[in-house]
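What TrEMBL says about this protein:
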DOMAIN    21-205  domain 'CNNM transmembrane'
TRANSMEM  22-45  transmembrane segment
TRANSMEM  78-100  transmembrane segment
TRANSMEM  120-138  transmembrane segment
TRANSMEM  150-171  transmembrane segment
DOMAIN    224-283  domain 'CBS'
DOMAIN    287-346  domain 'CBS'
Amino acid sequence: MTSEESSSVTDNNSIVTDNSSIAIYIIYGVLILLFLFISVIFSALETAFTSLTSFKWNGYIKEHNIQKKLRTKTINKLIKNFTLTLSTILICNNVANIIISTLSTLLFNRIVENQAVGSSLAVFVTTFITLFFGEIAPKSIAKFRPIKTVLLFSFVMIFFYYLVFPVTFLISKVFKKYSKTQTSEKEVTFFIDEAKNEGVLENDEALLIKNAINFDETLIQQVYTKWKEVVYVHEHSSIGLIKKRFLSDNVSRIPIINDENKTIGVLHLKDYLSIVENKDEDNWTEYLSEPIYVLTDYKLDKVLYLMKRERVQIAIVVNNFNEYESIGIITMEDLLEQLVGQIYDEQDEVGQVQEINAYTWMVDSSINAQYFLHKYINKNINVKKNIKLLDYINNNTQHNARYEDGIYHDDFMTVKYLEYDEETKVKLVEIIKNEIQVTEISTNY
């Protein structure tokens, strides 16, 4: 073989080697992009499924009427088996990242002759690409659009779900006792607070839902009216005394007791009018309604059930150890107030503080500031003893509080000016307590 022929063969071999190297680079690059895309999908799905609550998903499918679609059923299965779904995501995402790292190292070691330099470059480039494109970007997008994310990749997810099911199933069996989750009332309360913070629920709506959750945990002894505050009459009382009680105390029902202090019945105002109309004053005890008796350790939901079943508006609270001794009453209004806050009738004496709900009051601005603030807002507020609430607000506005458009704000409360007198001085204010309270504030106003 001549030297020219030998040179030609060498050149041809070099071209073949270069072409094969380029092909290998392309294959490596395509595989890296493919597994990077897989990593993107699973990173997005991880955030989407952990951000997507069952409340939000069920509301979405009902709103869009897609309950019967295959995609919806697929997502329902993935949500129902959340532990297996999450295990699938983590396994696939980690495998994809490991493969990306391995392929990148092989690629850079081919490009750079020095393997130490190649490996270092591979680690740097892979870390940046995986962190930004495979983690931060997809998770940030999925956080704000969890429903669209799971809808888009649901079929991809279910494919890998069954692909690695043998592994995830074994894992779930091993950690079964740790994987049981149950939504507690505390978590539901957290969801309500989140909905309120996001503007989905108003303050009053959130408070109503919280009160409803706590309703079945509240005992009668925390709510009922003590017997010394109850308007009642003896069974031997005259009809004249009963008339006086109805007129002077503004009640519509009066418990009637016997000599043993046992409530034997309840006289309704409408029945009293029937007695007068029929001129049957001597037999007025025959018009009594049968009372229902409840113990102090009954919970409010049980009392509500009994009162609805018997169709009564008042129940007699009796001693737990002596069912014949009446110690108080509880009314349907008392139960309702546990949900919506204090209710005032036309005849009620409101006083200087009128409760709207657990966080809101209508307050006479001339009330003693220290009394109101310490009792209703925060006992750590440092305020002078003999100062009116309005003076406290006006002085505080000049220092560390904010006042704009008739509304006063500080770390503890928000105050709205509602009513003015003839001298244009504030007479009535609405005070809303901040749910998040600072520890202490020092003022000398």
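Backbone N, Cα and C atoms are what each Cβ position is placed from, and that goes for glycine too.
A TrEMBL annotation is a machine prediction, not a hand-curated record.
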Looking only at residues six or more beyond either end of the transmembrane segment (22-45), which have a C-beta under 8 A from one in the stretch?
89, 92-93, 96-97, 99-100, 103-104, 106-107, 110-111, 129-130, 133-135, 137-139, 141-142, 149-150, 153, 156-157
Helix, strand and coil counts within the domain 'CBS' (224-283) (DSSP):
27 helix, 15 strand, 18 coil
Can you give the mean pLDDT for the domain 'CBS' (287-346), rounded to a whole number?
87
